[in-house]
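J.: Below is one structure. I have some questions about it.
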Amino acid sequence: GNHTLLTEFVLSGLSGRPELQHLLFFTICLLYSMTLIGNLLICVVTVHPALHTPMYFFLRVLSFLDISTATVVVPKMLVTLLSEDRSISYLGCVTQLYCVVFLAATEWYLLAAMAYDRYVAVCSPLRYSAVMSTRACLSLALLSCCSGKVVSVVQTAWVFTLPLCGPRRINYFFCDIPPLLVLSCADTSRYERQLISATALVIFTPFCLILLSYTCILASILKLSSAESRHKAFSTCSSHLTVVTLYCASGTLIYLQPKSSNSQDAKKILALIYTTVIPTLNPLIYSLRNKEVKEVLTRVM
């Protein structure tokens with residue numbers, strides 16, 4: 001039939017209640033500022049010669065990804081909270097979706113690489129320097145980026161080949177796959193099945209590798225005779241697992257039921273967690289409570 005092709009979209013934002021707009025603006029602005037400050041500190045501090053280890057290299061890459069994720073989503077979200085003009089161009093929507101999927105997928109694969117790094121450090125400490133060489137770390141980071149790029153290109157191209165006929169209002173605060181599927185006037189069941197498969201590939205495969213790594217780590221920790229060594233190892237692993245659990249829970253609940261319009265408000269909250277809250281927490285969970293990082297930070301300051 002005759003359909004009106006969309007050339008721009010209108011974002012509904014986080015909430016339709018006018019009395020909450022200013023409160024949400026200042027809250028999100030505070031979280032974004034904390035994200036930038038905390039992750040920039042990690043990027044600067046981990047360059048210090050005392051922290052030239054694979055773990056801190058991966059943390060530096062993770063901080064860069066967190067800054068990028070928040071920057072792709074939050075500024076536009078802040079504009080929609082205060083401005084009556086909530087439109088986003090077609091090209092802007094394509095770009096935002098591509099960046100969000102790329103950064104999220106890359107971060108998942110990087111978390112798996114970080115779990116492997118911890119596995120080698122705990123289970124094979126004598127071989128750690130040889131296995132986790134500079135070349136190996138760079139290769140793992142590059143592989144994570146390439147995998148994220150492939151996933152992002154496929155998902156973005158597939159979404160925007162669907163006929164998006166309207167309405168042009170996106171019930172979300174950024175361009176993401178679930179709210180865009182609601183706008184399609186074609187049968188999206190095939191794409192939804194493909195998205196579930198992609199979710200399994202991007203989330204569950206790294207998650208299973210992470211669980212396998214930590215199962216081996218746990219077995220090695222329990223063999224340690226020193227209570228202090230066990231506590232230090234548990235502390236390091238629990239930090240990583242906390243982030244992984246938050247990512248896994250929010251990601252699976254959003255993408256396993258992509259076209260469920262009844263849960264859009266709940267998906268907004270989950271999306272807010274992985275685009276705004278987790279990037280704020282990562283520096284605190286991983287690094288700023290770490291004794292070595294605090295000592296170097298004190299010296300740098």
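Note that Cβ sites are derived from N, Cα and C of the backbone, with glycine treated the same way.
Per TrEMBL, the features are:
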TRANSMEM  20-45  transmembrane segment
DOMAIN    38-286  domain 'G-protein coupled receptors family 1 profile'
TRANSMEM  57-75  transmembrane segment
TRANSMEM  95-116  transmembrane segment
TRANSMEM  137-158  transmembrane segment
TRANSMEM  198-221  transmembrane segment
TRANSMEM  233-257  transmembrane segment
TRANSMEM  269-288  transmembrane segment
J.: When you scan the chain for residues with a C-beta under 8 Å from the transmembrane segment (137-158), skipping those not six or more beyond its ends, what do you find?
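T.: Same-chain contacts beyond the ends: 54, 57-58, 61, 94, 97-99, 101-110, 112-113, 116-117, 177, 191, 194-195, 198, 201-202.
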J.: Thinking of Cβ pairs under 8 Å, which stretch from 95-116, 198-221, 233-257, 269-288 has the most of them with the transmembrane segment (20-45)?
T.: 269-288
